[in-house]
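The annotation N6-acetyllysine is assigned in Swiss-Prot to Lys126, Lys265, Lys365, Lys411. Annotated N6-succinyllysine per Swiss-Prot: Lys126, Lys135, Lys184, Lys265, Lys402, in sequence order, evidence recorded as similarity to another entry. The feature site 'Transition state stabilizer' is assigned by Swiss-Prot to Asn205. Residues annotated as NAD(+) binding site in Swiss-Prot, with similarity to another entry given as evidence: Arg213, Lys228, Pro229, Ala230, Glu231, Gly284, Ser285, Thr286, Thr287, Thr288, Gly289. Residues or ranges marked as substrate binding site in Swiss-Prot: Arg213, Arg334, Ser498. Under the heading active site, proton acceptor, Swiss-Prot lists Glu306. According to Swiss-Prot, the disulfide bond annotation covers Cys340-Cys342. Residues or ranges marked as phosphoserine in Swiss-Prot (evidence: similarity to another entry): Ser499.
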Amino acid sequence: MATCIWLRSCGARRLGSTFPGCRLRPRAGGLVPASGPAPGPAQLRCYAGGLAGLSAALLRTDSFVGGRWLPAAATFPVQDPASGAALGMVADCGVREARAAVRAAYEAFCRWREVSAKERSSLLRKWYNLMIQNKDDLARIITAESGKPLKEAHGEILYSAFFLEWFSEEARRVYGDIIYTPAKDRRALVLKQPXGVAAVITPWNFPSAMITRKVGAALAAGCTVVVKPAEDTPFSALALAELASQAGIPSGVYNVIPCSRKNAKEVGEAICTDPLVSKISFTGSTTTGKILLHHAANSVKRVSMELGGLAPFIVFDSANVDQAVAGAMASKFRNTGQTCVCSNQFLVQRGIHDAFVKAFAEAMKKNLRVGNGFEEGTTQGPLINEKAVEKVEKQVNDAVSKGATVVTGGKRHQLGKNFFEPTLLCNVTQDMLCTHEETFGPLAPVIKFDTEEEAIAIANAADVGLAGYFYSQDPAQIWRVAEQLEVGMVGVNEGLISSVECPFGGVKQSGLGREGSKYGIDEYLELKYVCYGGL
């Protein structure tokens, strides 16, 4: 069984001086925080202190396949992004484990698809109830492995659980059709049937919600799943597995195979090319999505892709400045700018530009506090790793070298290598990296524009189209712009648009299909036409 590296006999000696703040001790079935405060500067302590008192059953480190917790031949470390300290060692699954998980899921599918919609609904509801009962522990796991501020982590757990609740209800609403044909002696039926085993590959920025948004729909439809969570945040996926087991979800219906970054490519390829897999659902970068699409093409598998974005945030002269700033703060700085629907470029009309920039800068200075995600008052945690920080830093330096002005922020934060100051740039032009590369960090570049047509042209120039936002008090303009923006989701005078009841997805290279809402379950259902003759 994989254990916390701090207390593995050889690991403690090797890593003790490198990660002095991590003080977890192993207990059968998971990791348990050691007693006593973690040493070191308060702002850089390992998140182990925030895990004190956590249910040992939720801190799993092995893979979950066929209803059993299984070790792998190797393990990999999961790190606290705030300090770099290791939280624990997790099973590093390879191709062999991936194929075993697919087979377990396929065997379970042969039984699960026969389970009544009412029973599937009941089991999903039990899973939801367990998430709500354990919401505090689940939130702390998210903060520990991703750095997300605890308040936001609590919000994610509720959002995550609501997908299970929603799809528990949708499970009983999978209806077919009866079609009357021109021939009097025939009747046509349209059945909706589960597609089969779904390979689910999820990101680190929402390590719980991105799983339940996919898995809730899949299980409601009668599919089974193999989840490959992001290597940075496997603990959330494994905690969900424990709760699924407690809820009575049958063995093999929900499987989790964590793996290291080194093994991620081959494991992803293995589950996406396995002939027993019928469906692939992926949330992540457009680059990786294209690779998975290539794998799916060889066997023509059904695919759902939620990929990168370059969300424009447009502020027209008629906008209410205070409302626009509030929306900008919510859209840009949630999860320290690490969301796929995060505003990436701010297009502000000339007449309101100066007032907006001034108010935006003041709001950032007043309301944003960088720190450890477990500390009360923190609104901006660390970025997931130093590579993410380097990307933000590169974009800022590129913009400044080409004439942009730093209004506030602009550099790494003194707290540590994975922290970056919330940054506002003005005098930004379209030749700068930050206007055509997804940042995934706390950088807000402002471009000044003159006409509505100019703003639409800039926004639609991107080859991706996930989300877009704009602020206006002109009713005619609102209709025009909402219809003309080439994105899958539009926020009109609103910076937070995600909801379990509404379809989530993009156009162009931002993906295929929709998740959540009444449409989400259709991604896991096949239509079958049955013709009855001789009547």
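Cβ from N, Cα, C; glycine included.
Positions of the features from Swiss-Prot, shown on the structure.
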residue	record	DSSP class
Lys184	N6-succinyllysine	coil
Pro229	NAD(+) binding site	coil
Lys265	N6-succinyllysine	helix
Gly289	NAD(+) binding site	helix
Arg334	substrate binding site	helix
Cys342	disulfide bond	coil
Lys365	N6-acetyllysine	helix
Lys411	N6-acetyllysine	coil
Ser499	phosphoserine	coil
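Taking each Cβ in turn and tallying the other Cβ atoms within 10 Å, the top scorer among the recorded positions Asn205, Ser285, Thr287, Ser498, Ser499 is Asn205.
Same-chain residues at least 6 positions away in sequence with a Cβ under 8 Å from that of Gly289 (NAD(+) binding site) are, in sequence order, Phe282, Met305, Leu307, Gly511. The separation of Thr287 (NAD(+) binding site) from Ser499 (phosphoserine), Cα to Cα, is 26 Å.
Cα spacing between Lys365 (N6-acetyllysine) and Lys411 (N6-acetyllysine): 15 Å, rounded to the nearest whole number. Proximity to Arg334 (substrate binding site), judged by a C-alpha distance within 10 Å, picks out none of the binding-site residues Glu231, Ser285, Thr287. Look at the residue listed as 'active site, proton acceptor': DSSP puts it in a strand. There are 13 other Cβ atoms within 10 Å of the Cβ belonging to Lys402 (N6-succinyllysine). It is Arg213 that, of the recorded positions Lys184, Arg213, Lys265, Lys365, Lys411, has its Cβ surrounded by the most other Cβ atoms within 10 Å. Using Cys340 (disulfide bond) as the reference Cα, a 10 A cut-off selects Asn205, Glu306 from the recorded positions Asn205, Lys265, Glu306, Ser498. Counted within 10 Å of its Cβ, the other Cβ atoms near Arg334 (substrate binding site) come to 22, all protein chains included. Inclusion criterion for the recorded positions Lys135, Glu306, Ser498: a C-alpha placed within 10 angstroms of the C-alpha of Ser285 (NAD(+) binding site); this criterion is met by Glu306. Ranked by Cα separation from Glu306 (active site, proton acceptor), the recorded positions Lys126, Asn205, Lys265, Lys402 are led by Asn205.
In the three-state DSSP scheme, Lys135 (N6-succinyllysine) is classed as helix. Cα of Lys402 (N6-succinyllysine) to Cα of Lys265 (N6-succinyllysine): a span of 37 Å. Same-chain residues at least 6 positions away in sequence with a Cβ under 8 Å from that of Pro229 (NAD(+) binding site) are, in sequence order, Thr202, Pro207, Ile211, Ser236, Ala237, Leu238, Val256, Pro258. The shortest Cα-Cα distance from Lys135 (N6-succinyllysine) to any of the binding-site residues (Glu231, Thr287, Ser498) is found for Ser498.
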